[in-house]
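Pulled from TrEMBL, these are the features on record:
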DOMAIN    110-533  domain 'Major facilitator superfamily (MFS) profile'
TRANSMEM  107-127  transmembrane segment
TRANSMEM  147-169  transmembrane segment
TRANSMEM  203-224  transmembrane segment
TRANSMEM  236-257  transmembrane segment
TRANSMEM  263-285  transmembrane segment
TRANSMEM  347-371  transmembrane segment
TRANSMEM  411-431  transmembrane segment
TRANSMEM  443-467  transmembrane segment
TRANSMEM  479-499  transmembrane segment
TRANSMEM  505-526  transmembrane segment
């Protein structure tokens, strides 16, 4: 997810994403082979595809045989009884593809409804950036930097609670009902923020809004991943990131009247009520995740959901795949402690590690200092600087969406972090090398824009997409929630100590450190992150999390 820094006084807020891999440890891992018998041909789309009633062009190829469910996903290196996954953990390309009939189902409207949660995520993160100065005057906290910091940071505290809560709610009540429940803190939080006559009321409103966006941060990518067809899951999953960026830009645009109308900040918070209500109403007519329904043993309801999403022509095929891959049906629902078991810990720990990499890669610093950087290049308007950075992020995310199912998740992550490392190095040198002094302003702007573009190509959209893809169905919701919870915690801590580190070491040294972190992230991703493009969630699960 896109990270955005919101600064005033002591406050820095950022939202980000996570990327995880399956059961492949650093270096190599051994995964037990399970004889699953012969399996029908697997499917992989070619590049010509659309969603929602259009033809999906596919090429048919037959597999001669399959000894294991994992042989179709991980590259076997002849050893009886075990399969060695490479350090990169790359999944094999599909060897069989099947021609399909035109589908009468449609997914896009329901992805769009879910993305209202992504818009709210970005909007609540970005809104305080412009409104803080004016609400501080109205609530008489202009001279109190600590309270201003709490107004900013209370959203993070709520988001931490919400992200952990979201997974449990999604497992217990389902994805769509969780969205409807989530509308309560979103609406109430926005209302309290709008009508606040004291800083206490504002803090409560921000806390509730934070809980709301914490839940959406966990459930939106989960729901989109579970309802999207395999052949376009990458593109649709990255739409979540795109709408977060749109939410942030919307907050910027909505804040434009503030200079002429100081009390407009109340309307800015109130506007968030509208998409919150629309989210609840939209989810009332949206199908539940077929995978969650199968996991609960509600097969007739799952068939109906599949019929709506993919069309009646694919009901038998999709239900067969869901039942074949639904190992969660034969095991009890995973508890929180199961995430730390030997069976799943490698997956969860990689997710947490990549969250930390993304936070330590410097997105907060780049956005936080973007205004100063643009001023050094002669761009005095803060709004123009923010708009330029936001537009760069939207552009990069749109490009990433088009590449996700062609280039793959892992490739985009590697390109992204390498580009971020180079951009951070450029930013660091622009502040220190005397020979570059005449061009420092231009180089700093160039480094900032390149960094944001690089971030939006992979480090932003890919992690939230990859998370629900590689987690087993029985731990998916809780594992996503845990990973996002760790993100919010690290986000809060980095925001708390970031300025102190800059004051002590200087921004150039900090940028150089960020560049080093990005290079370490490249090495880590190359050795531990799996490629999942073109694979169904069930195929990935059987490969990376084989049944006991």
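Along the chain as shown, residues are numbered 1 onward.
Every residue, even glycine, has its Cβ placed from backbone N, Cα and C.
Unlike curated entries, TrEMBL annotations are predicted automatically.
When each of 107-127, 236-257, 263-285, 347-371, 505-526 is scored by its Cβ pairs under 8 Å to the transmembrane segment (203-224), the top-ranked stretch turns out to be 107-127. Looking only at the domain 'Major facilitator superfamily (MFS) profile' (110-533), the predicted model's pLDDT averages out at 86.
If you look at the transmembrane segment (107-127) against the transmembrane segment (347-371), you find fewer than three C-beta pairs under 8 angstroms, all six or more positions apart, and that falls short of contact. Between the transmembrane segment (347-371) and the stretches 147-169, 236-257, 411-431, 479-499, Cβ pairs under 8 Å are most numerous for 479-499.
Sequence-distant residue pairs (6 or more apart) of the transmembrane segment (147-169) and the transmembrane segment (443-467) include fewer than 3 whose Cβ atoms are under 8 Å, leaving the two stretches without contact. With a threshold of 8 Å between CB atoms, the same-chain residues lying at least 6 positions outside the transmembrane segment (236-257) that come near it are 1-2, 4, 15, 17, 51, 107-108, 111, 114-115, 118-127, 129-131, 220-221, 224-225, 228, 264-265, 268, 271, 383, 386-387, 390-391, 393-394, 397-398, 400-401, 404, 456, 460-462, 464-465, 469.
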